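A.B. asks: What follows is a single structure, and I will ask about it in a moment.
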Amino acid sequence: MKKDIHPGYQQTQVTCACGNTFMVGSTIEAIQVEICSKCHPFYTGKQKLIDTARRVEKYQAKQARVKEMQATKSALKKAKKPAKKKVEDDTPLAEKVLKSTSLSA
């Protein structure tokens, strides 16, 4: 077996964005993480949205626009006037056919 080909395994300090630090074994000297067990919602029991790209806000704004459009459409449907009814001609069908074929007497 070759000697000195494997990296050294050492105690490494992990630092979270919330300020929490803890030690783990690793080949890297220092590790930076964004979220850890002290600040993760699953472990803390608190619902905390971490939205760096504003995706939640964009989604909520989109949903608000959709509701507004639906309300506008329903108001327009209610405001539409009913269609006018056709006035039926009381002339018998036989007379109509005769007039259209120019065979009337």
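Every residue gets a Cβ built from N, Cα and C, even glycine.
Reproduced below are the annotations present in TrEMBL:
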BINDING   Cys16, Cys18, Cys36, Cys39  Zn(2+) binding site
REGION    70-91  region 'Disordered'
COMPBIAS  75-84  compositional bias 'Basic residues'
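Surface or core, plus neighbours and distances: that's what I need for these features.
C.D. replies: Under DSSP, Cys18 (Zn(2+) binding site) is assigned to coil, being neither helix nor strand in the three-state scheme. When other Cβ atoms within 10 Å of the Cβ of Cys18 (Zn(2+) binding site) are tallied across all protein chains shown, the result is 12.
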A.B. asks: What other residues of the same chain, not counting Cys16, Cys18, Cys36, Cys39, have a CB atom within 8 A of the CB centroid of the Zn(2+) site?
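C.D. replies: Result: Ala17, Gly19, Asn20, Val33, Glu34, Ile35, Ser37, Lys38, His40.
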